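Everything on this sheet refers to the single structure shown next.
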Amino acid sequence: MTDLILDTLLDGAKMLPFLFAAYLLMEWFEHRSSEKMELALRRTGRFGPIVGAVLGIFPQCGFSVAAANFYAGRVITMGTLVAVFVSTSDEAIPVLLAHPGSAHEIFAIVGAKLAVALVAGFATDLLLGGRRSLEPAEVRREHEEHTAECGGEHGILRPALRHTASTFAFVLLATFLLNLTIHFIGEQNLGRLLMQNSIFAPAVAALIGFIPNCAASVVLTELYLSGAIGFGSIIAGLSTGAGVGLLMLFKSNRSLRENFKVMAILFVFATAAGMLLTGVL
C-alpha cells in the first residue's frame, strides 16, 4: 500500500508543473478571447454548429455555460448547443498536456470530437429545426454571474492555481484508485470490467461522461492513458462530458423535455461515434 501511495505521489509530482503551465496558458487565452468567441457564437445563424464545434475545442471555463444560457434565451439553436457540448473537452486537454509523452493524443481526440460535433450539430438542426429569438436580460445576467465565478476578475494567476489544485487532486485520486484496482484485480480483469474490447464499451464511457464535474473527464483520460479503455470509449465519454454546461442548461432552460432531449442526442451520437471508432480501430 505504501508503494502505491508513493508511486501515485511521484507520478503526480512529475505532471504538476505541466498541468500548471497548461492552465496558465488556458487562462491567458480565455482572458484574451472569451468575449469575442461568445459574440461570434451569438451571430452564427445557420452555420451555428460549425462555429460552436470549432470554438468549443478551445478549453476554457465558461464556454459551455455560455452556450447553455444562449440556448435558454433562444440566441442559438439546439444543434449549435449540441456541437459546443460535444466538442468541449473539459479537463481532458490539460491532463493530456500534463503527460508530455501523450501530448500527441490531443490532435487525434480533438479532431475526432470536432467531426462528431459537426455531424451531431447539423443533424440536430436538420431533424428538429433550429429556432432563435432575442436574448432576455436575465440570460445575460446569469452568464455574467458565472463568468465571475470562473475567475475572470482575478487575472490569470489565481484561477490558474485554483484549477491546477482542483484537477491535481482529482488526478491523484483517480491515479491512486486505478493503481489500487490494478493491484487487487489485475489489468485484464479491469479491462473486462470496463468491457475494454466490447463494442458496448463506448456506451459505458458515455454514461460516465454525464457526471457534471471535471472528475469524469479526468478519470476517463487517466483510464485511456493507462490502456484500460480504447480510443472509441474516450471519444464517447468526452463527447457527453460538457462539464457544468449541462447543469447550467437545467438551471436556465425551463423545458425539462428539451434538456433531456439534448442529453439523449449527446448520448446517441457519442455512443454511435465511439462504437464506430471501436469497430474501425
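Cβ coordinates are placed from backbone N, Cα and C, and glycine is handled just like the others.
The transmembrane segment feature in TrEMBL is assigned to 12-29, 50-72, 78-99, 106-128, 167-186, 198-220, 226-250, 262-280.
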Contact between the transmembrane segment (262-280) and the transmembrane segment (106-128) (at least 3 Cβ pairs under 8 Å, separation 6+): yes
Among 50-72, 106-128, 167-186, 198-220, 226-250, which stretch has the highest count of C-beta pairs below 8 Å with the transmembrane segment (12-29)? 167-186
What parts of the chain pack near the transmembrane segment (198-220), using Cβ distances under 8 Å and only residues at least 6 beyond its ends? 89-92, 95, 166-167, 170-171, 174, 229-230, 232-241, 243-244, 246-247, 263, 266-267, 270-271, 273-275, 277-279
Near the transmembrane segment (226-250) in space but 6 or more residues beyond its ends, with Cβ under 8 Å, are 64-65, 67-69, 71-72, 81, 84-86, 88-90, 92, 108-109, 112-113, 116-117, 142, 146, 178, 182, 187, 190-191, 194, 196-197, 201-214, 216-217, 220, 256, 259, 262-263, 266-267, 269-271, 273-279, 281
